[in-house]
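Data block below; observations after.
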Amino acid sequence: MAQLKRILGIDPGSRKTGFGIIESGRFHPNYVSSGVIRVEKLTGAQRLKTIFESVCQIIDQYQPHVMAIEKVFVYKNPSSAIKLGQARGVILCAAAIKEIPIMEYTPTQIKSTIVGQGHATKDQVQFMVQNLLKLTESPQEDAADALAGALCHDRYLTLGIDPEKISKGTKF
């Protein structure tokens, strides 16, 4: 039997960051854990510090082999884009410090892989994540998005597609 690989999915946010952990390597992925890092009541640097420390703690607790994180897309509001970029930066820094490889996927890649269409709704993503992982209830939105990222990475691995090429934007 193939060795189990633990995948940490991250849905970055400046106020709420979703995380989800699955194990890959069997016939289908297995759910390990998920949740949301909430920092909306904090300000500026305290938000970033809390996100960083929380991601480090999650990595220490679950020992993932890889992180699958959603790529940033262009926002109409530059301030929101900067805040999201800062949150992503501390998340990527946590993974780098813990020596966890990072794979990046666009929201469209994740939705296409999990739901079958790149413009799927949050409800559709939650529904598919719940069914694919055989969960008794639907995960929170941000946690579902993070689990979807982990499932996307798992699917690419299962299909034998080199995740490095995916992260570099190679078209298939």
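Placement of Cβ uses the backbone N, Cα and C atoms for every residue, glycine included.
Straight from Swiss-Prot, the features:
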ACT_SITE  ASP11  active site
BINDING   ASP11, ASP142  Mg(2+) 1 binding site
ACT_SITE  GLU70  active site
BINDING   GLU70  Mg(2+) 2 binding site
ACT_SITE  ASP142  active site
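Recorded features from Swiss-Prot, shown on the structure.
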residue : record                : DSSP class
ASP11   : active site           : strand
GLU70   : active site           : strand
ASP142  : Mg(2+) 1 binding site : helix
Integer Cα-Cα distance in angstrom, GLU70 (active site) to ASP11 (active site): 6
Nonlocal residues around ASP142 (Mg(2+) 1 binding site), in sequence order (Cβ under 8 Å, 6 or more apart): ASP11, GLY13, LYS16, THR17, GLY18, VAL36
Local Cβ density at ASP11 (active site) - other Cβ atoms counted within 10 Å: 24
